[in-house]
Amino acid sequence: MGARGSVLSGKKTDELEKVRLRPGGKKKYMLKHVVWAVNELDRFGLAESLLESKEGCQKILKVLAPLVPTGSENLKSLFNIVCVIFCLHAEEKVKDTEEAKKIAQRHLAADTEKMPATNKPTAPPSGGNYPVQQLAGNYVHLPLSPRTLNAWVKLVEEKKFGAEVVPGFQALSEGCTPYDINQMLNCVGEHQAAMQIIREIINEEAADWDQQHPSPGPMPAGQLRDPRGSDIAGTTSTVEEQIQWMYRAQNPVPVGNIYRRWIQLGLQKCVRMYNPTNILDIKQGPKEPFQSYVDRFYKSLRAEQTDPAVKNWMTQTLLIQNANPDCKLVLKGLGMNPTLEEMLTACQGIGGPGQKARLMAEALKEALTPAPIPFAAVQQKAGKRGTVTCWNCGKQGHTARQCRAPRRQGCWKCGKTGHIMSKCPERQAGFLRVRTLGKEASQLPHDPSASGSDTICTPDEPSRGHDTSGGDTICAPCRSSSGDAEKLHADGETTEREPRETLQGGDRGFAAPQFSLWRRPVVKACIEGQSVEVLLDTGVDDSIVAGIELGSNYTPKIVGGIGGFINTKEYKDVEIEVVGKRVRATIMTGDTPINIFGRNILNTLGMTLNFPVAKVEPVKVELKPGKDGPKIRQWPLSREKILALKEICEKMEKEGQLEEAPPTNPYNTPTFAIKKKDKNKWRMLIDFRELNKVTQDFTEVNWVFPTRQVAEKRRITVIDVGDAYFSIPLDPNFRQYTAFTLPSVNNAEPGKRYIYKVLPQGWKGSQSICQYSMRKVLDPFRKANSDVIIIQYMDDILIASDRSDLEHDRVVSQLKELLNDMGFSTPEEKFQKDPPFKWMGYELWPKKWKLQKIQLPEKEVWTVNAIQKLVGVLNWAAQLFPGIKTRHICKLIRGKMTLTEEVQWTELAEAELQENKIILEQEQEGSYYKERVPLEATVQKNLANQWTYKIHQGNKVLKVGKYAKVKNTHTNGVRLLAHVVQKIGKEALVIWGEIPVFHLPVERETWDQWWTDYWQVTWIPEWDFVSTPPLIRLAYNLVKDPLEGRETYYTDGSCNRTSKEGKAGYVTDRGKDKVKVLEQTTNQQAELEAFALALTDSEPQVNIIVDSQYVMGIIAAQPTETESPIVAKIIEEMIKKEAVYVGWVPAHKGLGGNQEVDHLVSQGIRQVLFLEKIEPAQEEHEKYHGNVKELVHKFGIPQLVAKQIVNSCDKCQQKGEAIHGQVNADLGTWQMDCTHLEGKIIIVAVHVASGFIEAEVIPQETGRQTALFLLKLASRWPITHLHTDNGANFTSPSVKMVAWWVGIEQTFGVPYNPQSQGVVEAMNHHLKNQIDRLRDQAVSIETVVLMATHCMNFKRRGGIGDMTPAERLVNMITTEQEIQFFQAKNLKFQNFQVYYREGRDQLWKGPGELLWKGEGAVIIKVGTEIKVVPRRKAKIIRHYGGGKGLDCSADMEDTRQAREMAQSD
């Protein structure tokens, strides 16, 4: 380690490892801390050898000490470890870092007092970090060390001209001459923008210097002149002159310090540019800790770098002025000019107490005012409660305790046997419950009353005269959330006067009171005989009350309370009586708006906070038929993870989310734990992959992202549903399959087994069930408030309405109450009542919306993954920021690249990114949709073939977007415009349900001409055409018929694949010809060159015949933009022509000029290819009308020729060649439908996976005829699943009977819905087209249907495997049989491992996976390699273990033991 290892000797190293990092902490210093400190010294230009002595450490501390108050955490850590090393060198005994800092600072203060005062700066002693030093009475310049320059470069590169750069420059340039400073600037010269800013500041300051210090005139010979501005900047002065100006005896001019000040001004301007946050904008958030606010404040303050007096003023005024109201109140109480340490200490306990104050004030308000009418309260009975009803016999007039009838068996709540009332599933879960004493506690049923109030009750209270009629209503000694204060006090006094009875009911043990948290639990308590009302608050440590006197035996104490600190009196061992129990605890008295009992009293009372479980009905869940639950062993876990899982499981069990699995449960799923993002807490994960495989399928969860372009509403509120999964119960019959085992450390005891009672995370059904449950909960509320917009996405709910503030708040309150009543929690900290609302990446206001702040990443090295994320952010921003472009950035990651592959930026991509950054810096706002206002869409074309559009209502922009999908190298502007219109139409239909009026940059005539002949899209919305000034037009005029009397050019090109040499040329019908020799070309390029040659040499009107389908395809598309130079030349020439006819003729067989030109360009290049099978292929197509791939497969002709044959057929050229593709479904899945043609009924069945069809004409569309057809189909082909629409014939009993007898699962969809039975609907269309082609070959419709079915099954090739549907179906059946056979053969080789030896090596290797066992050898798989090993060199063992985790160190041990056993064998 060099000098790093010599910093401390062996003895001092031992002493270092005894010093603690923090007072009272467990962690101690290690040698790695010294190594880290050595590396950090380079940043400050300090030699690592300084750490080897006490004096050296003292020099380091002098440099670092002034920077510590405003420095970063790394700087403070470096200062701390240097203090510890200093104390070790000084032989000072220290226990921890704080002691070392005190001793080091004491030594620094003593040395400062000993230093003599000087009036002018002098050069430092030898060995300092200064370039000018005094040797023998003369000043000598030493160049800056590479370490100093390296530290400066590192500082700039790492901080990116952040606030730390300015103080870093001050420290590193101390004592430097202008020459040295220029050397530092040259080291970071690649930052051109920053350097230009600094140069401008230098020029301005130099001009000001020259104006303020005019030249005195000619100087005597030999006398040193006064420095000019350029001299200070080091451009017209030497190093010697700079030293003389700095250190001359009379009138020294500190040119170095002056130049440093200029550079600092420039750096400050750079910092402000790179870090635009102003010190005035640094304000503390309502819940932001004061320390975090101070860190941000000082970071921005360092960027200011103003005069120390100004900085001091900012600290004393702005720091306090911009704090939140709670901290500001505390800070003002500290008096004038408090120190930073005092401010941090005073605000340490405040983390947004304003919120706490509002909550407590709300609690007090709710306790003293009537509750609002809850949702659907009209369905609940009003009035007082009825008479007492016995739970045992059901009669009125007495309670169950007084009942003389025999005790009824089973639950008193629901009447069912098998459980008691305390465990009744219909009982509402209690939140706050006293722990049971003695036997199991009997818990009474508990639900909110009709008025929304909550009550407290014990079983013996009905005997005191309380009314408990209504079954679920529970009386209370005091009403906690409704009624007036007088009734609260009256009820409390009555309860106190009644004699206290023992809460014991027969043999059922102690019955504890329950407190629901639908409202805040306010109860009456007696403190040393003084009656008070208190709020039970489990979020507070201490208890504090007001308005009582407990004597003079107290301890003064200051606690963080509402609005700041509260002076209180703390009394210990005070007698408190609450809810029938007497305890002695510590309590404080002081000025508090509401009395609180905190955890110190609640724990003494035995109260716990219990999690609610939703009262929604569990969804029935089953395993797949014939499947069983997972039985996978738990893999070993580390001690740390076991303890973490134990704590998590115990907490979940207390909250009712888990329960202990019975010993008869045979199922198990592995569990493990990972660290959360903060690295302090653990998260439990269950590997539900096996359970997911055997669980039934669920509706696919389609969390469609809701847009924020909702209709404009007056008020908006956002609420969050917390822990939704854990609030919904799991089907009790399915819970057994979720069992998992928590192992014990060292297997000291059997693992504890649990099962889930709620929806577990990671299980496939949780999302679907949660979605379904939330919809059922919200549906009644939506119907009751039809004028309110409720958007739910995951656990975020947005409520928007035009109601008044009071009515809107009431709706929100009712929705929250409804969710709480159903068991869903709505955390207050995520409740957003006032704008702006943070929702789904947006900031919402009632009248406008914006995107949340978008920050583009800054990276040194860009990878493919980083580029993908950058494009995603830009695409997200494009919905509001017009002009966002990503074309050149996307080009950076074209091709097959790995995610971690490094990407080099091009100039165009960098320019595009910088342009996007400028766009994102501008403020953009969106508007909401207004009904009955016309919706408009304006399309614009930008450079580089990128399109932008905005959807607006008048001048209110609802949405903007971009389109840049250019799939072809050569494309047409009108075609792209059609795709843009298609995209806008789909978006508008989905979001607003209507098509906008389009403003398009094209003339209607141009559009109509292109659309008639060259349509290329599947769907275009209807619109009212409003053309803007045209930017798009058809570039040239292609005619459909040959031009009479004009010259005809026959073009051709050829290329030798080996030499890449080629020729291009043409021959005309008038005897002209021309050939051009090409090098390094291709056949396609040669064909294009020949076409361009003909265009160049021809008249304004010309006929051109080509034999290249490639050229014909490009010209027919009428491209206007291209990336190919030769195509660009063709476009340029075509624009000049008045009219051009382009024809295509396949091959060159006997076609006059085409054959001649082919012979002309083929000499020495290629052999002529005669396609003799064209005519048979054409005859085959005229007979069967097969598709392109069938012709290619059967006749071996090129695909271009086959495609032209199909396109030339007038019966097949209705809508071009279809794009073939098949949906690969299960082997036994068919779709069936009925269609009509010529008054006949045709029943069609399609095999989904292969496209094979069965079709015939049936006399009637009845269930009987359909059942007969289905039976005929099932007798020919394997069918297990039939999907149809819900027509009467398909839902008839006859069809269902056949399906049951054959064993077919039948599902239904919606008629004519493409998503329901899209395959058979499309096949009906193709079948009718095929019938139309063959109709003239048969008389009856029955015959032509069967002929068309034959052609579609045997004459239509394509899709998966390039097969016909008949070949594909037979292949699939055969493949399925082979798979089943091999699976049966290979099943016995599973779960076996093989250890083997190779060659003469006696060491056993493995284990490998057994693939096959033969008579003389075995085939094994080791990693990705397949090996054949003789039987005599292989040992086969059975593998009994389950899956293994990442930290199962036992696996390696087991493997090692197995190898040793195999070797000994």
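Each Cβ is built from the backbone N, Cα and C atoms, and glycine gets one as well.
Copied from Swiss-Prot, the annotated features are:
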type	residues	note
DNA_BIND	1392-1439	DNA-binding region
BINDING	Asp720, Asp795, Asp796	Mg(2+) 1 binding site
BINDING	His1181, His1185, Cys1209, Cys1212	Zn(2+) binding site
DOMAIN	1222-1373	domain 'Integrase catalytic'
LIPID	Gly2	N-myristoyl glycine
REGION	7-31	region 'Interaction with Gp41'
REGION	186-223	region 'Interaction with human PPIA/CYPA and NUP153'
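His1185 (Zn(2+) binding site) and Asp720 (Mg(2+) 1 binding site) are 61 Å apart (CA-CA, integer value).
Note: the CA-CA distance between His1181 (Zn(2+) binding site) and Asp796 (Mg(2+) 1 binding site) rounds to 59 Å. Beyond the ends of the region 'Interaction with human PPIA/CYPA and NUP153' (186-223), by six or more residues, the same chain brings 149, 152-153, 156, 161, 229-230, 232-233, 258, 262-263, 265-267, 269-270, 273-274 to within a C-beta distance below 8 angstroms of the stretch. Rounded to a whole number, the distance between the Cα atoms of Asp796 (Mg(2+) 1 binding site) and His1185 (Zn(2+) binding site) is 56 Å. Here Cys1212 (Zn(2+) binding site) comes close to His1181, His1185, Val1206, Arg1333: these same-chain residues lie at least six apart in sequence, with C-beta atoms under 8 angstroms from its C-beta. Recorded residues Asp796 (Mg(2+) 1 binding site) and Cys1209 (Zn(2+) binding site) have their alpha carbons 57 Å apart, per Cα-Cα distance. Secondary structure of the DNA-binding region (1392-1439) per DSSP (helix as H, G, I; strand as E, B; remaining residues coil): 3 helix, 31 strand, 14 coil. As a whole-number mean, the pLDDT of the region 'Interaction with human PPIA/CYPA and NUP153' (186-223) in this prediction is 81. Assigned with DSSP, the residues of the region 'Interaction with human PPIA/CYPA and NUP153' (186-223) fall into helix, strand and coil as follows: 23 helix, 0 strand, 15 coil. Secondary structure counts, DSSP: the region 'Interaction with Gp41' (7-31) has 8 helix, 2 strand, 15 coil.
In sequence order, His1181, Glu1182, His1185 are the residues of the chain that are 6 or more apart from Cys1209 (Zn(2+) binding site) and have a CB within less than 8 Å of its CB.
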